[in-house]
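Colleague: First, the structure itself, so that you have it in front of you.
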Amino acid sequence: MADLQTQMKQAVAAAAVEQIKDGMVLGLGSGSTAALMIQALGAKLASGELREIVGVTTSFQGEVMAAELGIPLRNLTAVDRIDLAIDGADEVDPSFQLIKGGGACHVQEKLVASRADRFVVVVDSTKIVDRLNLGFLLPVEVLPGAWRQVQGRLAELGGIADLRMAQCKAGPVVTDQGNLVLDVSMAGGIGDPEDLECRINNLPGVLENGLFVNLTDEVLVGQISDGVAGVRRLQRRE
């Protein structure tokens, strides 16, 4: 039997797929929960429950998985719009601001989320926090030749930034865009995500950071009640 966290992820993945309609262009996110959603989508396409779906992936890993499941794919530059994007998150605060980028895919993830008419985030209950960056580091993608300079500038903003090192190869993590990632801890967490997102992105050498501000329309939260996995729906108030 799957552990409780996996059960929560499976529940929200299934709930997210229920929002998909025939003919949609979908943003297919990255990470473990999004992977379960892609698997569930593939099963519905194979059974004929869904038809004429086109996916836009946010990572090479997601592209490989979707292709193996027979999900038709297009590049982001080949679509005029995205009806619905579904993705996971590393942290979600009460204002629906996110930290993403644990898998170093946040640049493409943010491009897809910002293009979508609706952006739905799927997480288990462990990802809901009162304040961002107290438990998860903020990823910042930087040009390879600029990481030392950016590291120093982030320190001026009150952050401690470490170069992310790879687990299965020697040297640092290299993103799909060929860049490096700094993982940042801000003293006391992030109180104003919108301001910090702008400040970091204005630093020379920074491509993008993992703060997703004012993009999320709905959060589906997997939770366990009386030993049974269920889903809580949180919708942003305009």
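Here the Cβ of each residue, glycine as well, is placed from N, Cα and C on the backbone.
Below are the features listed in Swiss-Prot for this protein:
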- E109: active site, proton acceptor (ACT_SITE)
- S30, G31, S32, T33, D87, G88, A89, D90, K100, G101, G102, G103, K127: substrate binding site (BINDING)
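Map these features onto the structure and tell me what's around them.
Modeller: Taken residue by residue with DSSP, E109 (active site, proton acceptor) is part of a helix.
Under the three-state DSSP scheme, K100 (substrate binding site) falls in the coil class. Taking Cβ-Cβ distances under 8 Å and a sequence separation of 6 or more, the neighbours of K100 (substrate binding site) in its chain are D87, G88, A89, D90, H106, E109, K110, P139, G210, F212.
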Colleague: Including all protein chains displayed, how many Cβ atoms other than that of K127 (substrate binding site) lie within 10 Å of its Cβ?
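Modeller: 22, counting other Cβ atoms within 10 Å of K127 (substrate binding site).
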